[in-house]
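A short write-up of the structure that comes next.
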Amino acid sequence: MEPVHYSVQGNNILQIFMENFHKEDPVLFLDGTAGEGGHSLLFLKGFPNSKVILCDRDPVMLSRALARLVDFKERVVSIQTNFSEIDSNLLSSHGINDSPQGILLDLGISTFHLFHSGRGFSFKEAEPLDMRLTPNIGINAEDVINTYSKDRLMHIFYTYGEERWSKKIAEVIVERRKQNLISYTSELADLISKIIPRKLWPPGRHPATRIFQALRIEVNQELTHIEKGLDSLLNLLRPEGVIQVISFHSLEDRIVKNSLRNYAKQNGFELLTKKPILPSEEETKENPASRSAKLRVLRKTKSADKKYKKENSKEE
């Protein structure tokens, strides 16, 4: 089973951990978004005495990651869970009584999900409108498209997709589904491409891209999980530990940026990236999908005296 996902900013991430930990240290890493295990493989090779807690909400991805890391199975503990649910009680139930020193969250959708899962994340194939990252649990994209009100559809298209044609697209979907349910990615993509005039299509991008992003975020409640997960993981992180987070679009990055900056102000944390680290030109040539990846890093300098209290940040 060959991996199909590229480990975005892998060299940068490993280098940052190398700068904060000694190579021979028995570092405990937590990969909160395991994917196909590419980043964890770098940690296991780069730190020969380390262990990795491998987490993913998708059992298919977790299985693929474990297969890739089979040579290191004695140093890997796997947990099927959303990273937002990770806390000391969950780790303890899996025999882990220490807090992680290195945490990684890669918030991007994997290549496997887009092109090989058959769950309708991409409009390039005629697939069922599903989009669930945890299979068979919760509402799917077909439910959203065929049951949400016009106003609710318009809201998620505009809020999560930043789509200026949100109102018109929502209106057409509601009228169209009165005749037949919209069940396949190709149906939805074709419908959207007919609504937006071709001369106004975004350069180099299918006009349905923003709507598909909005649906995926809604189905999986991605932004809610990011907020909750950062709060939990930053409190779980061991003193002198480091958390690295990769975001791919402005909605994700805004949450990550503000959360990390607020922690750095209040709770004995040090922001190691005043500005996000971007992929190298070489990496973007090899993997064009990485071009929008922003890496932000925070180090815990001491234990927080009390649980973090959110405050809104208006800093850029």
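Every residue gets a Cβ built from N, Cα and C, even glycine.
Worth saying up front: this structure is predicted, and the values here are computed from it rather than measured.
These features come from Swiss-Prot:
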type	residues	note
BINDING	G37, G38, H39, D56, F83, D106, H113	S-adenosyl-L-methionine binding site
COMPBIAS	302-316	compositional bias 'Basic and acidic residues'
REGION	276-316	region 'Disordered'
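Everything Swiss-Prot records as a feature, shown here on the structure.
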| residue | record | Cβ within 10 Å |
| --- | --- | --- |
| G37 | S-adenosyl-L-methionine binding site | 29 |
| G38 | S-adenosyl-L-methionine binding site | 20 |
| H39 | S-adenosyl-L-methionine binding site | 25 |
| D56 | S-adenosyl-L-methionine binding site | 28 |
| F83 | S-adenosyl-L-methionine binding site | 25 |
| D106 | S-adenosyl-L-methionine binding site | 26 |
| H113 | S-adenosyl-L-methionine binding site | 23 |
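In this entry, G37, G38, H39, D56, F83, D106, H113 make up the residues listed for S-adenosyl-L-methionine, with the farthest two CA atoms of the set 18 Å from each other. Taken residue by residue with DSSP, F83 (S-adenosyl-L-methionine binding site) is part of a helix.
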